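The annotation domain 'RNA-binding S4' is assigned in TrEMBL to 19-79.
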Amino acid sequence: MSELRDPTSRSGRKAAEGVRLQKVLSQAGVASRRSAEEMIVEGRVEVDGAPVTTLGTRVDPETSVIHVDGTRVVIDREATHLLLNKPAGILCSMSDDQDRPCIGDYLPKRDGKLFHIGRLDFNTEGLLLISNDGELANRLMHPSYRVPKTYLVELQGPIPKDLGRTVKSGLELEDGLARVDSFRFVDTNQKGTRVLAQVVLHEGRKRIVRRLFKEAGYPVQRLVRTGIGEVRLTNERPGAIRPLDNKELGSLYRAVGL
């Protein structure tokens, strides 16, 4: 690939007065200033699709698209990307006119620009993304990008061994065929009356997991979303909220072609 041309020739005075690339990377939390300089010299950084290996290159943080090792670096200071471990019994809404508990109650402060990406129903728990990035949200929710969602499903046993094959093959629901991409048993109690399974699917239709297993004859007892793409719940307690780190955010942008 050809070396990136001087940004001043393309962006004029604003780029000439831009910010040194290593400083932008450091401020974005990618690495320390010194480590960022090493990344640049090693050819691991791209700006607007072209590699940059010259220290001191200036970029416009508001318009430049920067990748490190193929992962996009988000440098929009106005962008907010949060992960909430939604508890059961909470409305998936930023506010409620009847004053019922909702996910907006868990935000450090109310921000009318924030919204949840997708939904979890009242009794479903787990990973919910909250952001003010409309383009990212639209792509994550659009079925054409096939971003996988991972769930833990608790079922009342005993469960037949071919249940996985059934839900992977698909069942016809009132709004069309529904299927999971993968199914595996995770745990079961000694009597086999409680079974925990992990399923992955890329669909986002309303209550799709619950409706699919009900149609299969095994209503869901508990449902927890544990992952969206490469973003995972780790040890966050129910109700905990935290910012996405650069690796997580970069993986989401990569998954939807941003």
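Using N, Cα and C of the backbone, Cβ positions are placed for all residues, glycine too.
In terms of DSSP secondary structure, the domain 'RNA-binding S4' (19-79) contains 16 helix, 15 strand, 30 coil.
Across all of the domain 'RNA-binding S4' (19-79), the predicted model scores a mean pLDDT of 84.
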